[in-house]
Structure formats: C-alpha cells, structure tokens
Amino acid sequence: MEHVRVIFFFACFLTLAPFHAFAQVDSYEFDPDFNCVDRGNFTANSTFAGNLNRLVSSLSSLKSQAYGFYNLSSGDSSGERAYAIGLCRREVKRDDCVSCIQTAARNLTKQCPLTKQAVVWYTHCMFRYSNRTIYGRKETNPTKAFIAGEEISANRDDFERLQRGLLDRLKGIAAAGGPNRKYAQGNGSASAGYRRFYGTVQCTPDLSEQDCNDCLVFGFENIPSCCDAEIGLRWFSPSCNFRFETWRFYEFDADLEPDPPAIQPADSPQSAARTERTGKGKGGSKVIIAIVIPILLVALLAICLCLVLKWRKNKSGYKNKVLGKSPLSGSIAEDEFSNTESLLVHFETLKTATDNFSSENELGRGGFGSVYKGVFPQGQEIAVKRLSGNSGQGDNEFKNEILLLAKLQHRNLVRLIGFCIQGEERLLVYEFIKNASLDQFIFDTEKRQLLDWVVRYKMIGGIARGLLYLHEDSRFRIIHRDLKASNILLDQEMNPKIADFGLAKLFDSGQTMTHRFTSRIAGTYGYMAPEYAMHGQFSVKTDVFSFGVLVIEIITGKRNNNGGSNGDEDAEDLLSWVWRSWREDTILSVIDPSLTAGSRNEILRCIHIGLLCVQESAATRPTMATVSLMLNSYSFTLPTPLRPAFVLESVVIPSNVSSSTEGLQMSSNDVTVSEFSPR
C-alpha cells in the first residue's frame, strides 16, 4: 500500500505546484485618489456639515464586519442627512478594513471640505459620502483607471478577446453574489506568448444583480477608451471595480479570511468519520478512508441532486403560482420572470420591518390594499404594499408590477426593491418616498403654498421624462393606463416618480402599434381618455391625455372631477373651464393664486401644452416625444388647441360603451372605473 501513498502525494504536488509557481507578491499600491464631485456645496455651519462630522467621528468605534461592507448615515429626517458607504477588497483582514475606512473618511473630508458628494479610493478600500441616499443605487461616475506593464502589440485581438471573456464570466458570478458579497476571482485560458490571465471583479453588495451587472458592463465598455490591450489594468467607480493581470495577484480562496462558518452539528458524518479513524491502526485507517470517502461523496452527490430537483420543482410551482393567467403570461412573461427571483423577500423580514404591519406605520389605503412604512435591519427605509387577499384584480396588479418594474430603471419611476408571496399574502416592496403623493400637495390649500413655479415646472418635466421612457426608451413599450395625481410620488427633493403599474400594458418595442382594444376598462374617472373610457381603445395617446390633465391640475391646483366645483364654475368640469378661459383670453384667471412668482409666459405655455394633450381626438394629441420637445424648446411653435374631451354633451359617458364590456362600476370616492370579465 506504500505506493498508493506515494502516488497520492505526487498527485497533490502536481495539482498545487503550478499555482505556487506562478504566485507572486502583490506590490499593488497607489496613492489615494480623491474625487470631490461637483454636485453642490454646503456651508461649514450647516446641518449637513454637523451630520457629516458626526458620521466620520462615529467611525472611531466602527466594529469590524465579515464582508467588508459598511452602510452608514447620520441625522434625522429634516432633509440634511449624511449618507456614506465603505467597501474593502476581498482579501483585506477585518481590522485592516476598518482602519482603512477610518483613514479614508478623515482624509476625504479634509480634501473635500465643503463638497456634498465625494469619493476616495485607497489601495485596500473605498469610501464615499453624499447628501442623498446612495444605498442600493448604482453610481458609475467618477471613475479611475490604473495601467501597469506594457501594451500588447502581437496577438492584440486575441488578447482583448480573452481579456473580455474572463471579465464577462466573473461579472456574472459577482452579480449573482447575494446581499452580503458581490465578488469573483478567476483565471482564463492562455494565449500565444502568455501563460494565463487573472482577474477580479467586485460590486458594493447593496446593488441588485442587474445594477451590479450594468455597472461592470459600463466599466468593460470603457476599457478601449483608456487602456485596451494593456497587460495590467485596474478600474474603479463608486459602485464597482475590476482588475486584470497576466500574473496571479490575488490570494487563493483557501488563504482568504473565511466568511462566518455555518454551525456544524456535533454528530455530523465528518465527526463520525474522524472518531472512527482515530480508533484504528495505520493499515485499517487506509482501508476506512478508501471506503468511507467514496461513500460520503456518493451520498453528498445524491443529496445535492435531490435538493436541485426539489428546488427546480418549487421554482416551477412558484413561477406558475405567481404568473397564473396573468395578462403578461406568455412569451414575454416566461422569458423575463427569471430576472425577478433575486427580488424575493421573506415574509418574516417584512413583518419585522413594519412592526407586524402596525397601524402606526400605515401610510395609506387603496382599492387593492394598504401601504406601510418599514425599515430594514441595515437602516434602509421601505414602503410595503400589502395587497388584499380576496382581490382578483389585486393579483393582476401584483403580477404586473413585478414583471414590469423589474425591467425598468429610471429616476422618474418608483423603484421596486422586492416582493413576497406566502400563502394568501401578496406584498410589494418599494423605495420609501418621503413626501407621499402629488395629490396630497396640489389639492391641499396649505401644502400647495410650498410648491412654487420652479418646483411645479420640475414636476411637469419629470413626469414627461418618465412617460417618454415608458413609451419609447425602455426595452418594452409600456402604457400606464392609470396616470393620476395620487400615482405620482414626490421624493425628498420634490422630484416626481411615477408609481402603480398594476393596470399597465406591455408590448414588444419592435411592434408597430397604433391602437389596441381591451374588454377590461379600468382607471380613474377624470383622467381617462374618451376613446378608452367609451370603447376600450388605448394607445400611448391614452397616457398623453392623462398627462395633460395632470399638467392642468398642477397649474390650477384644482381637481378634474368632471362636474365638481371650480370656484364659480359649478356647472363646468376643469378642462372645459380652462379651454373656455383660453378662448376668451382670460386664461390668467385659472392659474393657482398661490403662484405669485414665476414666468407667466412659461406657465401659459404649459397650459397650452396641457390643452393640446387633452384634445378629444387621439390623432390630434402630441406624442410624449413631441411634448418633451415643446417643454424644452421655445422655438417650437405650438398649434392652437381644439376643444378638449368631456365638455358639455360629453360630460356623462354613454351607456352603450362597448359590445365587449359587461359593465362599469364607479365608486363615489375618486370615481375609479373597473370592469369585471364575464364568468
């Protein structure tokens, strides 16, 4: 049996020798690179300055964490809160990581003394701070690239192909790394004249899988502009970084500081095997090893196979349970559903975050359920929408919002953080928007005093950009169908975010689409285009009509309730009143009296654009691309608006709305129109 031992050790030597032969001491050191981002300054005695100083001072008592990532903040909800993120390289020891972040923070605030946003890269860590929430938000600027070694001249194309192939492979591993660590290291195939390629990629673990992927793609695509075909390359951005060399510069996995180990039972198979081996002689030990190890390997493979099959079965059942007979099920939904699995959140996590959905945390209640404020353990504020368990339409909203918002990334769209399905529970988790919805400001006589023309004009422009993204710039063409003031959320800086995609319709952007029809007419009375309310006919012009209503509501401060009171105009709806005032040259009378400042020409131009959007014929309404041009270019001559929809004889929707419509039900509160399919 002695020859078996010799062969075994010789095989181990052959396996490990190449790695140690190529291992080199990493002398990778560089001077700190400070970046004072030009996005505003603060004064030395401001609230933000105090919060930032307290945050940096608190780092002296920072406790080491297993994953080298720190999400920090200081201040209350007054709007001057300081936020910070720290991240260390994978191989950095915990105490060294804390020391690096402490040093980086102190020096960054000295180098950028009055800058609201800044970032610094040290050899072993990165630290950044901001006056806005940065947790979970991808940031690719500023960037920094370091080049080492010589430029490739021979086999250049082959070199670049292998370089990009390795980085692409590592990107996928890192992006799928979960909420604690998004890191990957590895090597690629050799090319003529070179032994092997080595690389590492890393994202801040607060990013979603898609954001991590996009951040690294951005970095890869910027390689040609600075350092293509370089043997040594290091690239950094606030949210991700990567490194590429032709020598192994990183530690073996076994040499890295391990993640917190799982607790192993005392009577585990490994423990039993160790006990049995210690009671035998030398010859018996070899026999036992030769027998036990293969058995354990076979058992382990069998267990893994069972777990994989069970996981795939649960995954398939879960997918069918969520998709059901959704309006989006089919080729688009099936292909895209896998992208949403990383957004799953445990029900117990949401119960804890919302204090068991306590009434004190309830932000509002709607037709499909309630919305609660919550806080994740790391301090991130969230809004949790808990759908009613007995609402069929609530299920449709749930499916729509998951499948749509998982694809959409835009600053003027609300961001979906996750979702949960457990038994009858259906929950959606969004970013928390501090200032609630537009209707709570614009229709409140006191709160709308806070909205000067600069703020209102920013709202109009932001909503227009969000709709333009949905209609033309996203991967799919999306028609919202329920755009209204209560579905426009306002963040801390009063930027608008379009929310509630439960009624949205999705189409492949490559399809040519003029109008489509539906037998399920749903939306909010007063915002619905006439062709949609009467005949179920919808297109991008349906959203344009709703946008026009919103513009007029924002400027007048009045609700388009079709027959409600507008000052002394008790018998007229809002659109009729504004159009008549336009025709009679008394349009200044419709402007909200609280708008005492601001360009009257700009306000009147926005009213003009709003009237063009609410014209009765969809063909005469502009697209959102044209609306954006109208808002941004005064050289664009506006046509004369025609009579808006729902005036005089059109105030009441005719009873014979459509042969495919079974019935319309309207509630007295906000008059939401819904239709139920035939049994």
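Including glycine, each Cβ sits where the backbone N, Cα and C put it.
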In Swiss-Prot, which of these is labelled N-linked glycosylation site: Asn187, Asn435?
Asn187
Run through Asn41, Asn314 and tell me the one Swiss-Prot describes as N-linked glycosylation site.
Asn41
Which residue among Asn71, Asn656 does Swiss-Prot mark as N-linked glycosylation site?
Asn71
Ranges 323-343, 659-679: which does Swiss-Prot label region 'Disordered'?
659-679
Taking every protein chain shown into account, which of the modified residues Tyr430, Tyr532 has the largest tally of Cβ atoms within 10 Å of its Cβ?
Tyr532
Can you tell me whether DSSP puts Asn45 (N-linked glycosylation site) in helix, strand or coil?
coil
Within 10 Å of the Cβ of Asn71 (N-linked glycosylation site), how many other Cβ atoms can be counted across all chains shown?
18
Nearest-integer angstrom distance between the alpha carbons (Cα) of Asn45 (N-linked glycosylation site) and Asn187 (N-linked glycosylation site):
51
Let me spell it out: for each of the recorded positions (Asn41, Asn45, Asn131, Ser486), count the other Cβ atoms within 10 Å of that residue's Cβ, using every protein chain shown. Which one has the most?
Asn131
Rounded Cα-Cα span from Asn71 (N-linked glycosylation site) to Asn187 (N-linked glycosylation site), Å:
31
Nearest-integer angstrom distance between the alpha carbons (Cα) of Asn131 (N-linked glycosylation site) and Asn71 (N-linked glycosylation site):
14
Close in space, distant in sequence - Asn107 (N-linked glycosylation site), Cβ under 8 Å, 6 or more apart:
Pro32, Phe34, Val120
Provide, as an integer number of angstrom, the distance between the C-alpha atoms of Asn71 (N-linked glycosylation site) and Tyr532 (phosphotyrosine).
47
